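Taken verbatim from Swiss-Prot:
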type	residues	note
BINDING	30-37, 149-152, Val178, 186-189	ATP binding site
ACT_SITE	His37	active site, proton donor
BINDING	Gln61, Gln155	(R)-pantoate binding site
BINDING	Gln61	beta-alanine binding site
Amino acid sequence: MDIFSEILPLREQIKAWKREGKRIAFVPTMGNLHEGHLTLIRTAREHADIVVASIFVNPMQFNNADDLTNYPRTLDEDVEKLTAENVDLVFTPTPEIMYPEGLEKQTTVDVPVISTILEGASRPGHFKGVSTVVNKLFNIVQPDVACFGEKDFQQLALIRQMVIDMALDVEIVGVPTVREMDGLAMSSRNNLLTLNERQRAPVLARTMRWISSQMRGGRNDYLSLIEDASDQLRAADLQPDEIFIRDARTLQEPTEETTQAIILMAAFLGQVRLIDNLVVELAAASNDEEE
């Protein structure tokens, strides 16, 4: 496996593969890899001849300096895992490589509307940081296809929209969330939980499934449903941060025409912010007039 931290040698290798007619898949990560990331890698392998991964903790997408400082960095272990998965190349740039003039002078990519609603409303600038770094990585790696986890549902929607708006020639593949045996969505942040917190963490997924069952049973008083779910989280000493019920296609409020909804949840467990989501199939709305 090739490991590059500089842009130029990476580009030369990519060009060589392209000349050979190779199809290239890309998996951008922030490191601290777990089974969820490795599932992205395996999915990428199914879509291409060459798999490229990146490991870069992107400072532009962090609102909280402590969160950036405390984010787990395990480069040696990550490289071992990627080697075991037969990844062809890993790109490990520093902030100085990605942002040579500093964040203040970096040209940014801002996807309107979707970057400022839901999680974007409470984390201003976060999604601009995501879209900027992903766009830059796409320009560096020039992939044919890129794989992203559905756990970060709004992020996936943002990237799909950016690809459309910027006319990028990249196929975006969403990969279902990978979960622990107890239902907790796999995340690098899970490593920051204490043993006691880890035991309580699955309450987030259980509460989400409870909301889903209520919705599939016909309950549509969403504000009351969200408050009931918040109470369940508080009872387990989780602090609700965000709970949204939206149309899965538009990320707007559900309407009578909504047939597929998405539950988006975030809660603090101690100092760790956990996120999760679940798609809910609703009874199809009928617009047919009675004969």
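A Cβ is built for glycine as well, from the same backbone N, Cα and C atoms used for every other residue.
The structure, with features from Swiss-Prot marked on it.
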{"residue": "Met30", "record": "ATP binding site", "DSSP (3 states)": "coil"}
{"residue": "Gly36", "record": "ATP binding site", "DSSP (3 states)": "helix"}
{"residue": "Gln61", "record": "(R)-pantoate binding site", "DSSP (3 states)": "helix"}
{"residue": "Glu150", "record": "ATP binding site", "DSSP (3 states)": "coil"}
{"residue": "Gln155", "record": "(R)-pantoate binding site", "DSSP (3 states)": "helix"}
{"residue": "Val178", "record": "ATP binding site", "DSSP (3 states)": "coil"}
{"residue": "Ser188", "record": "ATP binding site", "DSSP (3 states)": "helix"}
Exercise for the section: Quick one: pull the CA-CA distance for Ser188 (ATP binding site) versus His37 (active site, proton donor), whole Å only. Expected result: 9
Handout entry: Most crowded position, judged by CB atoms within 10 A, among Met30, Leu33, Val178 as binding-site residues
Key = Leu33
Completion exercise
Counting other CB atoms within 10 Å of each candidate's CB, the least crowded of the binding-site residues Gln61, Gln155 is Gln61
Handout entry: Those residues of the chain, 6+ apart, with a Cβ under 8 Å from that of Glu150 (ATP binding site)
Key = Leu156, Gly174, Val175, Pro176, Thr177, Asn277
Practice task
Pull out the recorded positions from the set His37, Gln61, Gln155 whose C-alpha sits within 10 Å of the C-alpha of Val178 (ATP binding site).
Solution key: His37
Exercise for the section: Would you mind checking how many other C-beta atoms are within 10 angstroms of the C-beta on the residue listed as 'active site, proton donor'? Expected result: 26
Completion exercise
For Met30 (ATP binding site) and His37 (active site, proton donor), the CA-to-CA distance in whole Å is 10
Problem - His37 (active site, proton donor) versus Gln155 ((R)-pantoate binding site) - Cα distance in angstrom - result: 15
Practice task
Would you mind listing, in sequence order, the residues at least six apart from Gly36 (ATP binding site) in the same chain with a Cβ closer than 8 Å to its Cβ?
Solution key: Gly149, Lys151, Thr177, Val178, Ala185, Met186, Ser187
